[in-house]
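Okay, structure first, notes after.
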4 protein chains.
Amino acid sequence: MSNAEIRVAVLGASGRMGSEAVKAIQDAPDMELVAAQGRGDQLSEILSAGATHVVDLTVPESTEANVRFAVEHGLHAVVGTTGWDTERLQALEQLLAEHGSVGVLIAPNFALGSVLATAFAAKAAQYFDSAEIIELHHPKKVDAPSGTAVRTAELMGQARDAADVGPSPDATETALDGARGAEVAGIHVHSVRLRGLVAHQEVLLGSTGEQLSIRHDSFDRVSFMPGVLLGLRTVGSRPGLTHGLDGYLDLGL
Amino acid sequence: MSNAEIRVAVLGASGRMGSEAVKAIQDAPDMELVAAQGRGDQLSEILSAGATHVVDLTVPESTEANVRFAVEHGLHAVVGTTGWDTERLQALEQLLAEHGSVGVLIAPNFALGSVLATAFAAKAAQYFDSAEIIELHHPKKVDAPSGTAVRTAELMGQARDAADVGPSPDATETALDGARGAEVAGIHVHSVRLRGLVAHQEVLLGSTGEQLSIRHDSFDRVSFMPGVLLGLRTVGSRPGLTHGLDGYLDLGL
Amino acid sequence: MSNAEIRVAVLGASGRMGSEAVKAIQDAPDMELVAAQGRGDQLSEILSAGATHVVDLTVPESTEANVRFAVEHGLHAVVGTTGWDTERLQALEQLLAEHGSVGVLIAPNFALGSVLATAFAAKAAQYFDSAEIIELHHPKKVDAPSGTAVRTAELMGQARDAADVGPSPDATETALDGARGAEVAGIHVHSVRLRGLVAHQEVLLGSTGEQLSIRHDSFDRVSFMPGVLLGLRTVGSRPGLTHGLDGYLDLGL
Amino acid sequence: MSNAEIRVAVLGASGRMGSEAVKAIQDAPDMELVAAQGRGDQLSEILSAGATHVVDLTVPESTEANVRFAVEHGLHAVVGTTGWDTERLQALEQLLAEHGSVGVLIAPNFALGSVLATAFAAKAAQYFDSAEIIELHHPKKVDAPSGTAVRTAELMGQARDAADVGPSPDATETALDGARGAEVAGIHVHSVRLRGLVAHQEVLLGSTGEQLSIRHDSFDRVSFMPGVLLGLRTVGSRPGLTHGLDGYLDLGL
């Protein structure tokens, strides 16, 4: 057993995200990978391996039990699995109240650049007359707009409402069906699907004589790993539940 | 009377485009402005002024009579006015057949960059799996998509059909209404309306591992003037009717 | 005399910025323009006109005396004139200490989008391996890089130093002179000069698999006016000296 | 032996490009892969395998002998290997004169989008006052600017010279060293190096009131494969030597 303070067990280690996480943790000089579990492995083994932290990248059916197990045994948890509805979150918060020193991060998005882009867009939205979003993805994506674009639009819309900014000006009288995009929280959102692309989003903000554009390009799944490592390095000093990686960023927004 | 070979009469000289044309011609060292006519002026005066060329930037109601007058008196004409339907164009071609040395250019768009961007997009469209268009304009525009975007999509669609390129791949199963834009000739077109912008268009072409983007930004109406001057310098050596400024560009690659 | 609470005297009203400010204040429903002074006018007249606020858009030689006059007479001041070195700023702070209720904003840049872009770039810089800046301006600009780009690079460099981020990776061994741009605070800065452009800046931040781009386009001088109005609406509730419009933005950064 | 008309032998099949080519040819419905040779294999075996075409993706030391062997045995060749100087090209043309029906394509760049972008940039360059290039690559690249950017600048510069376009306007008086980039054939070229990027290039063209931007993004080496397949499908009908994939593209606008 080494002296690394962050001794990590990866759950869901054979999945696409999980296998990247295994590599990233092995390469991190301040961490040690002590367990890499897949379907069928026994959770108790991560205790005998001396884990201090858990990364959960499994499936919605397993994640709740995994995280409960971690909290009950005093392990901090970084969770990228979806499926955490309000009921589950409330139950987790109750459990955490009984284990005051344990921290859990549940993050729907670990790409630092994407998290920053969304935070900046939400902050800037109140200062411009017009706001629209273009998201661009590979053509195998089945939904439009992307979840990130919907979330960004909602946050921007809330900020504009709170600051009493009126709707974006728009004199369109005649339009082909769909030309002006989908409307989410008062923000027009356009979804491009193009072979060669991965996952990209551009927020456009305009006022008389000026434009502010905030764009994030995700070229590869490995872009999530710096966020996972940041989560692991921070979660031990943030007892209780944190929802969203932005809670760990020095954004003061 | 100077020795300039290109002696220009501007019709519609007090309109927005016309007044810019007057300035541009006055600044061109190889041209002379010999007449600047508005509503109510007599066309015969441009003959006594010694005009060799006419620029028509009037209104659909006047343009046909103006151009006929020019052709009948041996003047070359550069025409930016809309309203030239098939019937008018055929009548003009008959008239030009009787005046073999006269040239007429009818151009819906004088922005060189825009004309080039459309030509390049049409040419490249057959070589990529995916093709979409984003056009961005000021929020006072009443139609969506822009006429230029529709025309670009039509030319791209024709080129893809001719080369037997299938439709752009798109696995979208669930979409908010409008998210995927309007479809024109098989090309998805997205219309952004943003305060601060003027007239912009971006064509996106993608295949596995690569993207080609062709973008034109029009910041100001003066961007049409180099195209008007190019038209005036070329029309005298191109007898008959030319439709579209691209007919004068050295695009043979 | 109307009931508007913000009764503004514009100093330097015949300059390029000043004349835009006059129009913007006249159009603002919650303000009244009570004086528009040029060279040679008597400052005392702004008192008899009932001014509560002063906008100084004059020249470095006049601005200090103008602002002192305003402060001594209890008027809040929004200042866009350059020339405020450390000595002047210290003297002004002393004067403001004697007039506890008066607010002064000195802002080198009133474009909200530009101020936001710089703040976001400085905040994000610590989270990425690589950082570079491209600034693009009209070809009549005499200096390169732009002052805004230098300022942005300095703030980004400070943030990266404070977070112990190493230099951007760069394996360049052979380069044409100038290819890699100028280096400011460890950030490579590239200056494009292109006819048709006005003032634009793009900050590029990259890590493995992702890129964050923050771009500001200034198309027209009128883009400064929302910032001037925001300054006028805020300065009365912010006694003392504020340096930079970002001090009034809800950035919490 | 199948009935496919294009029966391909890949030379250099174990290299990075070669192994991608093997996969692409296996996936192409109109081709058959009949040989995949690495170092030490006997060229004579591609004859017994019934090859009609050769793809050479080897090294500068081998490529000339490989191509000579192909031509002498009546096989068409698509060549991506570098090292073809003037002397080698002349010797090859002599050999091809003796084998009138054989076609050879030597292409320094197989990315269709990149080839198109360069061709469009060269064509458009004469129509704008200003022209600059920004190329962006991963930070492990050892040279700056990229070879593609230098080649693009040279072609643009030649086109501008031929059309008697003067130099891009530039009033810069004071600049930090390197700020204005490197100058190649009168075109300013800026090289960005950013973690997360692969290979990207943007050509900016500007005139009063407008900008044309042509951007190519190469995200992955597989982007070269459509160009290799296009070469294989075309080379048999183009006897003699063709230099550059643009020679096979239908660019006549």
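Cβ atoms are placed via backbone N, Cα and C, with glycine included.
Curation does not apply to TrEMBL; its annotations are automatic.
Annotated in TrEMBL:
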- A:HIS137: active site, proton donor/acceptor (ACT_SITE)
- A:GLY12, A:ALA13, A:SER14, A:GLY15, A:ARG16, A:MET17, A:GLY80, A:THR81, A:THR82, A:ALA107, A:PRO108, A:ASN109, A:PHE110: NAD(+) binding site (BINDING)
- A:ARG39: NADP(+) binding site (BINDING)
- A:HIS138, A:GLY147, A:THR148: (S)-2,3,4,5-tetrahydrodipicolinate binding site (BINDING)
- A:6-110: domain 'Dihydrodipicolinate reductase N-terminal' (DOMAIN)
- A:114-241: domain 'Dihydrodipicolinate reductase C-terminal' (DOMAIN)
The one of A:GLY12, A:GLY80, A:PRO108, A:GLY147 whose CB sees the fewest other CB atoms within 10 Å, among these binding-site residues: A:GLY147
Candidate nearest A:HIS138 ((S)-2,3,4,5-tetrahydrodipicolinate binding site) in space, where candidates are the binding-site residues A:GLY12, A:ARG16, A:ARG39, A:PRO108 and distance is Cα-Cα: A:ARG16
Where A:GLY12 (NAD(+) binding site) sits in the secondary structure, as DSSP reduces it to three classes: coil
Neighbour-count leader, CB within 10 A, binding-site residues: A:THR82, A:THR148: A:THR148
Spatially closest candidate among A:GLY12, A:ARG16, A:GLY80, A:THR82, the listed binding-site residues, to A:GLY147 ((S)-2,3,4,5-tetrahydrodipicolinate binding site) (Cα to Cα): A:THR82
Cβ within 8 Å of the mean position of the Cβ atoms of A:HIS138, A:GLY147, A:THR148: remaining residues of the chain near (S)-2,3,4,5-tetrahydrodipicolinate: A:GLU135, A:HIS137, A:LYS141, A:ASP143, A:PRO145, A:SER146, A:ALA149, A:ALA199, A:GLN201
A:THR82 (NAD(+) binding site) versus recorded positions A:ARG39, A:HIS137, A:THR148 - nearest by Cα: A:THR148
Other CB atoms within 10 A, centred on A:SER14 (NAD(+) binding site): 13
Rounded inter-Cα distance in Å - A:HIS137 (active site, proton donor/acceptor), A:GLY80 (NAD(+) binding site): 21
Candidate with the highest Cβ count within 10 Å, taken from the recorded positions A:ARG16, A:ARG39, A:HIS137, A:HIS138: A:HIS137
Closest of A:GLY12, A:SER14, A:ARG16, A:GLY80, A:PRO108 to A:THR148 ((S)-2,3,4,5-tetrahydrodipicolinate binding site), Cα positions, binding-site residues only: A:PRO108
Where A:HIS137 (active site, proton donor/acceptor) sits in the secondary structure, as DSSP reduces it to three classes: strand
